[in-house]
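I have placed the structure first, in the form of structure tokens, so that the comments after it can refer back to it.
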């Protein structure tokens, strides 16, 4: 490992600060084959100060050069960059031209050593944020926090099962054979997860001995949708606690004649995992900071998960959580510096990108419990809410469900979905739509600009035609040019 990256990786906080002195740092890759723990990495205060000053100067120099239209230099790649200390500043991105307006006369192929986003492995000062609601304040280490359960569900609507689709992929195969079709694929292959990590970020981590109720309240209080789970007995990360787990708890016990919901609240995360998984524990899906962003996209879509922990290969610490939104944001920012593929001018209808068959929807008059049933049975992340005429009037996502905990209303699941949307105290994504005649470039620009996870495809009368998700777009831009169909796998 080269000195710059090794120094950066060593700047992660020690787990002794989260769970006591017995939580020694260890190699996540060696945890199954070794009975002894590696020694914790130690860095002197003078080294930390020098690293902080160098990182600050480099970040602003790099930022200025990109804003002036110059891509980051070859010598600023992830393997040569000094460690970035936490500064309490938000991650900054260069000003870019939207993909829909980008000049097709390219800038040439991207340099392989672009240093696009600096990374900071430590927790930043209060109030800083880098990835909207997904980065949160760090909780005190007194009770240590608990983690996940299952392998987080995929961002897109239900898998297409019908043999007929309103919008077949008429010209997608031909587009992939045209020059420049693989430019985004190569761009993601040439950049590592370290490049997309935030300058300053915070992680909420739960110990598996934490009570379920406290864990879900912690998610709400910090505005995050998932948290890594640390098992102090195994001295390793064992999964992620997600909003999906909260939905499963409500769905399983709301109408149970034997168990009251308040009894489940007192269960520890460890107990809930044992009950639900019944001993079939799956390994935590993770990635290394040295792995390519192409591999990150494939791992997210292939495993139908929403969040991908980036683990330090030496200590096993969580450095960052990659998401579909983060990856598309990274690609969108620097995509305007690349030659423009011709398929960005094609319409959604022509390319057939999205889900158009067997759509999961919910009536606005249906109870919340019905929406939970659909979330569990169909494994979808959001439901278009329609009225009796079939017109889209809202969008009810899994993240809306967690606010039942914040409002102490999870014992009233007979409330209608429409009423639940009207009572939302936090303005979330809302309903953003697109139409079949819009180009793929326009759709990508809108998703990136509005920072949403999906667009609802409607006609002129607001009747539902389909859903275009982040997974659909990343599959089309990055994986399809490589001949990989992770969505259908």
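Glycine is treated like the rest: Cβ placed from N, Cα and C.
Here is what Swiss-Prot records for this protein:
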| type | residues | note |
| --- | --- | --- |
| COMPBIAS | 50-62 | compositional bias 'Basic residues' |
| DOMAIN | 197-258 | domain 'CBS 1' |
| BINDING | 225, 307, 325, 397, 398, 399, 400, 424, 432, 453, 454 | ATP 2 binding site |
| BINDING | 225, 325, 397, 398, 399, 400, 424, 432, 453, 454 | AMP 2 binding site |
| DOMAIN | 280-340 | domain 'CBS 2' |
| DOMAIN | 355-415 | domain 'CBS 3' |
| DOMAIN | 427-486 | domain 'CBS 4' |
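Minimal Cβ crowding within 10 Å, among the binding-site residues 225, 325, 453, is found at 325. With the fewest other Cβ atoms inside 10 Å of its Cβ, the least crowded of the binding-site residues 398, 454 in this structure is 398. Closest to residue 225 (ATP 2 binding site) in space, going by CA atoms and restricting to the binding-site residues 397, 399, 424, 453, is 399.
Note: the stretches the domain 'CBS 4' (427-486) and the domain 'CBS 1' (197-258) are not in contact (fewer than 3 CB pairs below 8 A, sequence gap of 6 or more).
The shortest Cα-Cα distance between residue 397 (AMP 2 binding site) and any of the binding-site residues 325, 432, 454 is the one to 454. Residue density at residue 432 (ATP 2 binding site): 15 other Cβ atoms are found within 10 A of its Cβ, drawing on all protein chains shown. The helix, strand and coil residue counts that DSSP assigns across the domain 'CBS 4' (427-486) are 24 helix, 15 strand, 21 coil. A Cα-Cα distance of 8 Å separates residue 400 (ATP 2 binding site) from residue 424 (AMP 2 binding site). Among the binding-site residues 399, 424, 453, the residue whose Cα lies closest in space to that of residue 432 (ATP 2 binding site) is 453.
Proximity to residue 325 (ATP 2 binding site), defined by a C-alpha to C-alpha distance within 10 angstroms, is shown by the following binding-site residues from 399, 424, 453: 453.
Between the CA atoms of residue 399 (AMP 2 binding site) and residue 454 (ATP 2 binding site) there is a gap of 13 Å, rounded to the nearest whole number. When every Cα pair among 225, 325, 397, 398, 399, 400, 424, 432, 453, 454 is compared, the largest distance found for this AMP 2 site is 23 Å. Summarising the environment of residue 400 (ATP 2 binding site), the number of other Cβ atoms within 10 Å of its Cβ, over all protein chains shown, is 22. Across the domain 'CBS 3' (355-415), DSSP helix (H, G, I), strand (E, B) and coil residues number 20 helix, 16 strand, 25 coil.
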